[in-house]
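Asks: The following feature annotations were taken from TrEMBL:
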DOMAIN    80-132  domain 'HAMP'
DOMAIN    137-178  domain 'PAS'
DOMAIN    251-465  domain 'Histidine kinase'
TRANSMEM  21-47  transmembrane segment
TRANSMEM  59-79  transmembrane segment
Amino acid sequence: MFVGSVTKLRPNIRVILSGNALYRAIVQVLFLTVIFTLAVFLTILLIKSSEQRINYLPVLIITGASALIFSLISGFFFYRKINRAIEELNTAAQRMLKGDYQIHLTPSRFAEFNRLFFTFHQLTDAIRANYRELRQKKGWLTAILNSIQEGLLVLDDRGRILIANTSFRQIAGTKPVEDQFYWQVLRNPVLSDVISDLQSRNARLSRKMELGGRQFLINGSLSPTGEKVITFSDISEIVQASTMKRDFIQNVSHELRTPLTAIKGYIETMAETATDQNRNYLHIIKRHTDRLIRIVNDLLTLSRLESPQVQLETEVLNVQELFNDVLTVLRPAIQQKGLQLDLAIPDPSLKIKGDRLYLEQALINLLDNAVRYTEKGKITINAETNDNRVSITVADTGIGIAPEHQARIFERFYVVDRTRSRQSGGTGLGLAIVKHIITIHNGEINVESIPGLGSKFTLILPNADE
C-alpha cells in the first residue's frame, strides 16, 4: 500500500523536477550581467582614440567589478534561499526517519519549492496513514497470536527469536524473549534437534518433548522467506488419557483371559459326554469363546505395542526363511480352500532387521486376511529391494476393499463387513496390529485394492544394513 501511495505521488514530483522558473531567474540575472559587461567592453573598443580609451578604462573596471559584485550578491542570496529550503526539507526527512510525521514546511518564495513541499506533505500523510494501518494490523496479529493455546516461536537463520506468543512465554517461564537466542530462553535437546534438522532437511518435522513434567508435541517448518516456525502443543492430558486407556484395556484383558480359558476347557470336557444336540450348542459356545479369547489376546498385543516401553529384540532376518516359517502355520488353511500360492523372492539372501516374533505376527495377520477373504484364485507374495529398503507385498484375488474403506482399515475394530467378519472369526484388530508392528520398525504399510478383483498390501522395511 505504501509503495502504491508513493507511486501516485510520482507525477507531482516529476512536475516539480521539470519546472524551470527558478532556473530561468538565475540564468536571466547572469545573462543580463554578462550582456551589460560586454556592452561596455564593445563601447570602449569602438572608441578610436587611445586617450579616450584610457579615460574610459576606470569606467570599464568599475562596471565590470559592479557586474561581478552584483552577480556574486545575487548568487549568494539565491543560494541562501535555495539552501534554506533544501535544509528544511532535509530536516523534515530526518524527522520522518525517526517516526515523526507531524511536519509543516514553511512556504517558499519559489513556486517550485512550494509544489515540492506540498508533495512532501502528501507523502508524509500517506506514510502516516500506512504506518497507522500497519500498527493496527500488528495489534490484531499480536492479539490473534496471544489467543492461540499452542506456543508459537519464530526464529531467524541464526536462531534469534523474532516472534513469541504468550503461550510460549508461559512454557519457557520468561516474559521478554524477543531478540534473544532460543537457547538463552529454553534449553532442550529435542528442540535443538528440531531446529538443526529444519535447517538441513527443509521439511516439516514433528517430535515429542518433555518439559517441566509435561508432554509437548513440537511441529517445525520453514517459512517461504527462511524463518523457522515452531509450535508447541501441550499433549499431557492426551498422553495421560491414552496411558489410562491402555492400562485399563491391559488389566481387563488379563482379567478376562483366565476365566475365558477356563470356560473353554469346561466346554471341551462337556462336549465329550454331551448329546448331539447339546454338542451343537457347546460348539457354538466354544466358537464364540475362541473369538473372545482372540480379541483379548489381540488387545494385549496392541497394548504392548502402544506402550512407550515396548522393546524389540532386533536381529538380522532372512526374508525367505521368515516366510517359510509363516507359511508352515497357514499352508493348511490355504490348501483347504484350494488357493494357489506364489512365493516370489528373486534374491534368496535378502535380509531385513527386526523383531522376529512381531514381524511373523504381522505377516501371519496379512496372509490370514488374504485367505479369509479369498474364495478362489491365488495369493502372491513378493519381496525385493528398492532404494536400500525392502518391499514386501502380499496380494490376493479376493473380494477387495472399496475406496471409502481403505483409509480406515488400520483402525482398531474397524471392519468393512461385520457379518462376514464374525462368521470368519475376525476380531477387527489384525490390521491395526500390523500397522503398529511396522511403525515401530520404522517402516510403512500401503494398500491398493479394487472391489471384486483383490487387494495388495505393501510393507516397506529397512534392510539389514540400515
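Just so it is clear, glycine is given a Cβ too, placed from its N, Cα and C backbone atoms.
Help me understand the surroundings of these features in the structure.
Replies: Helix, strand and coil content of the domain 'HAMP' (80-132), in residues and according to DSSP, is 40 helix, 0 strand, 13 coil.
DSSP places the residues of the domain 'PAS' (137-178) in helix, strand and coil in these numbers: 18 helix, 10 strand, 14 coil.
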Asks: For the domain 'PAS' (137-178), give me same-chain residues lying six or more residues beyond its boundaries with a C-beta closer than 8 angstroms to one of its C-beta atoms, as numbers and ranges.
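Replies: Sequence-distant neighbours of the domain 'PAS' (137-178): 185-186, 195, 199, 211-212, 216, 223, 226-234.
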Asks: On the 0 to 100 scale, where does the mean pLDDT of the domain 'HAMP' (80-132) fall?
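Replies: Reported value for the domain 'HAMP' (80-132) is a mean pLDDT of 75.
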